[in-house]
Amino acid sequence: MRGRHADAYSMYKRGTRDYINAYDKEQGSVRSLNGVSKEIGNPSWKRSFLYILVASLASFLYGYHLGVINETLESISNDLHFNGNTMAEGLVVSICLGGGFLGSTFSGLIVDRVGFRRAFQLCALPMIIGSSMSATAKNLWGMLLGRLFVGTGMGLGPTLATLYVTEVSLAYVRGTYGSFTQIATSLGLMSSLLIGFPAKETEGWWRICFWVSAVPAALLALFMEFSPESPHWLFKKGRAADAEAAFEKLLGGPYVKGAMAELSKSERGGEAETVKLSELLFGHHRKVVFIGSTLFALQQLSGINSVFFFSSTVFKSAGVSSQSANICVGIANFLGSFAALLLMDKLGRKVLLIGSFSGMVVAMGLQAASASSLVSSSNEVYLSVGGMLLFVLAFSVGAGPVPSLLLSEMFPGRIRAKAMSVCLASHWVVNFFVGLLFLRLLEQIGPLVLNTIFATFCLVAVIFVKRNVLETKGKSLQEIEITLLPPE
């Protein structure tokens, strides 16, 4: 078993270009996964575009539930009688993230067992149930239970969307398609903020905000019934004929043979080998798992979700209306995500990460400066608000969309789903504690110290990316596996 895998890798050591030239002579000059062909050109990106949009609904739901609590938290705490209890308010936010940790932890196992289409439908189910429970909650415990259910779906959604987009996309547009998940997240966030505006004036409006989220969840479950399964997953399960049918749907008939030939070099079809946790943590791929886990942890330690969860509270303390502030946050997030879509396949993943975290250092420095005694009260608002908007913009250009895409590209197909779930576990753990403790820390140590801590983590991230992250732009998944993860 290991020997066959090593043989495939030794073939690549003679040079990917040599293999492709030999294959061109045999199969008519088709190299499908990279979309390069001397005779028939690139496969059309339009064939897979609609399926990318469907998968991005999971990211839209993630963004919506990430921001739905922002405008509605005050009304919820008043109606459910825990107003003024910062720990209870933090728990309403963070219990969802605890559910996200559970969903993310089991996402790899679920995908490997049932495939992407059924996993997306399983993701939608707890979101529908949890939203309904939150919308009808009569007390704090009912709200917490509903948020916990929603969180499990949130934990599944981003992992599934990232992996699915990676496995069904062409190499020359994979970065662009990967940015769609971040754009969907930002649109979900903006939608939750816009829908939540009447919550403070209209009694019970916060319940409508939760009911609304059940609609895109139901659409996700419905449309996935008509979407193709990942050819990588099908081939890994020994269903080569189904994988060919999926490739035909995604690429077109002329590219199927080339796609299957390249897929067969790195995937071991029909082998149901179990990937153990010890193999991921201590085996051959431990370094990439460490890089992924650290990158996701630093992403959250930057303080980004404290902005999304509590921007209304922070802006209110600065004398800025929450509605105006949240509109600006949503617009900044969308503009940055759109810039990432344009730049991902031009500048590359590593450049965007370094530039993004560097901009976040500057932005957090501005927010910290606004809280110091050196800044006059008239300039404090401009520095605080400007720093927060710059922070969101810088995050959404790189630190937001890149880590998930980069890691899903770098992991071999055999371990991709489970390795991603392990890495994302660090994301949810850190996210949970940031959501739980942010308001308490803001009260006890103040914005100057807290923002300085966040800026320090962003600086650490810049150094970490420079030393550890490798570029994957423009490579097929098979080339990345061979180039970046050679066997022992």
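Keep in mind that glycine also has a Cβ here, set from the backbone N, Cα and C atoms.
Keep in mind that TrEMBL annotations are predicted by a computer and have not been checked by a curator.
What TrEMBL says about this one:
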type     : residues : note
TRANSMEM : 48-67    : transmembrane segment
DOMAIN   : 51-473   : domain 'Major facilitator superfamily (MFS) profile'
TRANSMEM : 87-111   : transmembrane segment
TRANSMEM : 143-165  : transmembrane segment
TRANSMEM : 177-199  : transmembrane segment
TRANSMEM : 205-226  : transmembrane segment
TRANSMEM : 323-344  : transmembrane segment
TRANSMEM : 351-369  : transmembrane segment
TRANSMEM : 381-407  : transmembrane segment
TRANSMEM : 419-439  : transmembrane segment
TRANSMEM : 445-465  : transmembrane segment
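With a threshold of 8 Å between CB atoms, the same-chain residues lying at least 6 positions outside the transmembrane segment (323-344) that come near it are 70-71, 175-176, 178-180, 182-183, 185-187, 189-190, 193-194, 197, 307-308, 311-312, 315, 352, 385, 388-390, 392-398, 400-402, 405, 473.
Taking residue pairs at least 6 apart in sequence, the transmembrane segment (48-67) and the transmembrane segment (205-226) share three or more C-beta contacts under 8 angstroms. Comparing 48-67, 143-165, 351-369, 419-439 for CB pairs under 8 angstroms to the transmembrane segment (177-199), the maximum falls on 48-67.
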